[in-house]
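One structure below.
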């Protein structure tokens, strides 16, 4: 029930400098005051202004000291939830935070549900639903680029875009209703003007969807598989990109027998990099199992880095491997360019890999790596919106709502002048309702429950 008093530990479990127990509700200030002994005698928490701090001791129900704490007080409506909020900053560690939480629960404060603080912020009008969803995007961001996009959503960028679309759809609906209700005064619907506005909204939705696809890459990241025959430098490339010794590197072919993977940030894109076993014909059972796993990883990868050895040239093994990845999104890396003898020519590369990005370099001397990272970024973002004027992060729920709105608009455009105004109005309202699901104006309770279900306790 909104307004009742809730509490939860808001910091991650484990040892640390401090831990924070957050409380929100109508009576949390009074309840914390009962078990708080300020250092300065005569200071009452209930008399303090918002955005103030108080140092003292937090006690249990018997007024025995639990911990030295710093209380942060935020008064409604200028708090995260829009209600009175108290944050108890205690010593870090599981036990101090748990004891502080138990102490306030003895005063009649209940344990918060996952996402309940943010849900209250939404219900109290502090955040709209798009901003509330951005909170979890900020928490889960894997790179600075992804976090910056989430912060823009939290600041209301998505809401501004949706509000603009809603305003335009309301204008079209007003034109429609005026022609229906006041035909003598207003006259027939100006189909040309209505079509123009609907087309404008549709174009804007298309841009939002494209921008959302690009943001999805920054949020979820991509899987990149490194492949090639044994001893071409796959593990060396993994180590070079990670800037650490993750994979064992030897001159013995077949050293890597299982998938080695790690995360890396390439120009703001979270990349799960997977070093695969060298693909070749072998009688070794363990190596053969590793090769089979490699082929599975390659088939599931968003991008494949295919490595060639300039010293050995392109042989039949290389050609067989390339046949398996020919239809994949790929980059060819010609390695060991530091060798004096080079057995791969530009003409041969152009003939075998037409239209494929070729990067030449030496992993051991770290040449070509910057070009490779740039090529990975371009390959991943190929065809995506590049303009910075439409930077939004769109989740699956919002994407589905936009697609629904777009479908209604397309049906309206197709039916314009062919059906009655009443029938036309059905799709206009359908588009408005779909947009309202993004802004939160038309959200059902079960959808709200689903949105906040994925939040952690204490947020």
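Quick reminder: no glycine exception, Cβ is built from N, Cα and C everywhere.
Take the (6S)-5-formyl-5,6,7,8-tetrahydrofolate site that Swiss-Prot assigns to 87, 126, 459: the candidate from 22, 34, 397 listed for it is 22. For residue 87 ((6S)-5-formyl-5,6,7,8-tetrahydrofolate binding site), none of the binding-site residues have C-alpha atoms inside a 10 Å radius of its own C-alpha, out of 231, 234, 235. Looking only at the binding-site residues 22, 126, 459, the one with its C-alpha closest to residue 231 (GTP binding site) is 459.
Considering only the binding-site residues 22, 126, 459, residue 234 (GTP binding site) has 459 as its nearest partner by CA-CA distance.
Here the binding-site residues are 231, 235, and the one whose Cβ sees the fewest other Cβ atoms within 10 Å is 231. Spatially close to residue 126 ((6S)-5-formyl-5,6,7,8-tetrahydrofolate binding site) yet at least six residues away along the chain are 77, 80, 81, 82, judged by Cβ distances under 8 angstroms.
Note on the binding-site residues 22, 234, 459: the fewest other CB atoms within 10 A surround the CB of 459. In this structure the C-alpha atoms belonging to residue 235 (Mg(2+) binding site) and residue 22 ((6S)-5-formyl-5,6,7,8-tetrahydrofolate binding site) are separated by 46 Å.
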